[in-house]
Amino acid sequence: MSANATLKPLCPILEQMSRLQSHSNTSIRYIDHAAVLLHGLASLLGLVENGVILFVVGCRMRQTVVTTWVLHLALSDLLASASLPFFTYFLAVGHSWELGTTFCKLHSSIFFLNMFASGFLLSAISLDRCLQVVRPVWAQNHRTVAAAHKVCLVLWALAVLNTVPYFVFRDTISRLDGRIMCYYNVLLLNPGPDRDATCNSRQVALAVSKFLLAFLVPLAIIASSHAAVSLRLQHRGRRRPGRFVRLVAAVVAAFALCWGPYHVFSLLEARAHANPGLRPLVWRGLPFVTSLAFFNSVANPVLYVLTCPDMLRKLRRSLRTVLESVLVDDSELGGAGSSRRRRTSSTARSASPLALCSRPEEPRGPARLLGWLLGSCAASPQTGPLNRALSSTSS
């Protein structure tokens with residue numbers, strides 16, 4: 001064991017992990033190679049998808065409260081996707097962290113920042129729609145884009161605050177076989193005289209706090225908000241959910257499915273300090289459910305598209321319309337704006353991946369890529385039925 005490992009106080013479960021040897025089974029190596037390929041593809045998809053969502057929603061659409069929520073969700077997912085290539089590298093070099101202690105802390109902090117930010121933002125979206133339906137007059141007077149951005153900044157600050165313990169206790173630990181772990185070491189700060197008790201109490205506190213704050217409480221807020229909205233809409237005789245409601249439901253379901261198993265294994269890991277029999281199960285399952293949580297950031301942009309009606313029938317035509325409407329000179333938008341705005345299917349409706357919900361128009365000649373690049377984010381915001389549909393969250 002290296003000097004680095006012997007000088008650091010370690011919890012019993014961490015000491016046992018440091019003594020585990022690397023595997024030499026051929027079938028397991030094939031699984032590792034497949035995992036590297038899968039994570040590499042997921043990181044590429046996540047970066048591209050969330051980058052497109054950020055650009056389209058932030059630069060090519062009229063800013064509303066709803067687009068503000070989507071913008072910050074995509075930013076959180078982009079951060080998580082940006083950290084995924086480094087996790088892929090960790091897998092590729094044989095499950096050994098070769099990027100140093102500081103980057104180990106930063107990489108893990110991004111994972112937990114995304115976890116808290118996603119839960120907080122989904123809660124805010126649900127409360128926003130609840131206020132729109134239950135307190136429409138108040139929402140009309142106070143629900144603004146500036147207020148939504150301020151709420152998001154507060155939620156980001158809370159997410160950063162909750163991430164601090166995971167930054168502090170993350171560390172690199174050398175294994176007997178020469179590999180390096182990037183993992184919790186809850187004895188880094190003030191271990192105390194009874195190390196076993198300190199390990200158990202701190203690990204339980206971390207697992208329970210993130211389960212409550214990043215998962216259970218957000219889901220409770222989302223469920224109660226949905227129940228309040230459903231009751232109010234039933235009194236109004238409106239039963240069919242709007243497009244944005246279906247989008248939120250899909251994103252929340254993906255959040256629960258991707259993050260739920262991680263929290264279960266995190267709680268099992270905390271229990272494994274006192275119950276060594278759980279440790280093999282945790283060591284086998286925790287890497288898998290951690291990857292599943294990462295993939296939530298890749299799934300969300302896809303859900304923005306798949307929640308639209310008649311997606312399979314319109315997918316091919318709609319994607320072509322999306323590209324042709326975005327790759328167009330700004331002067332063409334201005335010159336033909338008056339006639340094109342009168343059309344039911346305007347280019348503004350197809351200015352984002354969410355435009356699969358709209359009816360695509362026929363192509364209008366070759367795309368003007370250079371003009372679009374020169375226009376970029378400086379183009380004037382486009383308005384149209386898509387933005388009106390996104391803004392009408394209670395429809």
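Cβ coordinates come from backbone N, Cα and C, glycine included.
Swiss-Prot assigns Gly192 and Leu278 to topological domains of the same name, so the membrane does not separate them in that record.
Your range for motif 'Involved in the recycling of CRTH2', going by Swiss-Prot and the list 6-9, 98-101, 190-193, 330-333, is 330-333. The cysteine that Swiss-Prot pairs with Cys104 in a disulfide, picked from Cys11, Cys182, Cys199, is Cys182. Contact between the transmembrane segment (107-127) and the transmembrane segment (34-56) is not supported: fewer than 3 Cβ pairs lie under 8 Å, counting only residues 6 or more apart in sequence. Between the transmembrane segment (34-56) and the transmembrane segment (289-308) there are 3 or more Cβ pairs closer than 8 Å, counting only residues 6 or more apart in sequence, so the two stretches are in contact. Most Cβ pairs under 8 A with the transmembrane segment (68-89) among the ranges 147-168, 211-231, 248-269, 289-308 are made by 289-308.
Contacts of Cys182 (disulfide bond) defined by a Cβ separation under 8 A and a same-chain sequence distance of 6+ are given as Phe90, Trp97, Cys104, His107, Ser108, Arg170, Asp171, Thr172, in order along the sequence.
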